[in-house]
Amino acid sequence: MQDFAKKKINIKSPAKINLHLEVIGKREDGFHELAMIMQNIDLADYLEFEINNEGLIKLESDCNDLSLSDDNLIVKSANLLRKKSNIDYGANIFLRKNIPIGAGLAGGSSNAAATLIGLNNLWDLKLDQETLCSLASTLGSDIPFFINGGIQLCFGRGEILEKLDSTLEYGAILLKNPNVSVSTAETYKKYSNRFCDQYLTDREMIENIRKNLRDNGLNNLNFDNQHLSIKNDLQLVVENENDSVKQALYLLSKLENCLTFSMSGSGPTCFALFKDKETAKKELTANSKLFKDKGYDSWVCTFLEKGITFI
């Protein structure tokens, strides 16, 4: 067995926000048919990978609230890659956690993708991006997005990706109550109970929605056109049932230089966009005490052109 014991890799694993989330219908496999725009932001976790020759995946973290066992997506990703590649050695992995858990920012999915990318390099497997995306899709619907990163159209259950040729430079303020989490599965179930009569099954109609997002999605996010809007269908469910989300959206809507605001994913994190990161920083400085007094953690972020990166 080749001795790679001293080889280490460090990776930045960024969060995402949804700039568009449209629930179109229900697929035969039980997943929902979606049309989304996802964007990486610079709120990120950091992972360190080191080869071990014991054939074991050992995960440690500075986050006490995180399971480090086989149900963790990092461990699942590593074991899947080992099985796929039929290798004998393992890895020691350390996760420095900054992205809040259960927040609608897909920190776990980002970590899973970072693990596939990192171990592909560490173990010198030379798997191409298409293969990594295929593996990622078996682990979770939005993990393939993180293999590619940046800003992307995401269709199907989230695994069908189309790169958007654009660089958005907005700043963002994120708010999340640290004591509140939202179950993604429960949110989709509640949405389906309320709106299943509006679901589409006709493939041509579904493709028309995809085409409309391709043609107009960026225009809706272009401040120069003074037409900045964000759609999140799941917000219709979560906002009505979660006072923390409702209050966060209200607080963000009242910020002086806010361009638009929304919930990310299935929540409960909410965000407001500003013309640049500096403007967002000033707004957070002016309102940080208010946010804290209302029970929210807050972050200032900007958009990333790329997703997971080696550091």
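Glycine too: its Cβ is placed from the backbone N, Cα and C atoms.
Taken verbatim from Swiss-Prot:
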ACT_SITE  Lys16  active site
BINDING   Pro100, Ile101, Gly102, Ala103, Gly104, Leu105, Ala106, Gly107, Gly108, Ser109, Ser110  ATP binding site
ACT_SITE  Asp142  active site
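Cβ atoms within 8 Å of the centroid of the Cβ atoms of Pro100, Ile101, Gly102, Ala103, Gly104, Leu105, Ala106, Gly107, Gly108, Ser109, Ser110 (the ATP site) belong to the same-chain residues Ala15, Ile99, site residues excluded. It is Ser110 that, of the recorded positions Gly102, Ser110, Asp142, has its Cβ surrounded by the most other Cβ atoms within 10 Å. Taking the Cβ of Lys16 (active site) as centre and 10 Å as the limit, one finds 29 other Cβ atoms among all the protein chains shown.
In the three-state DSSP reading, Lys16 (active site) counts as strand.
Residue pair Gly104 (ATP binding site) / Asp142 (active site) shows a Cα separation of 11 Å. Cα of Asp142 (active site) to Cα of Ser110 (ATP binding site): a distance of 9 Å.
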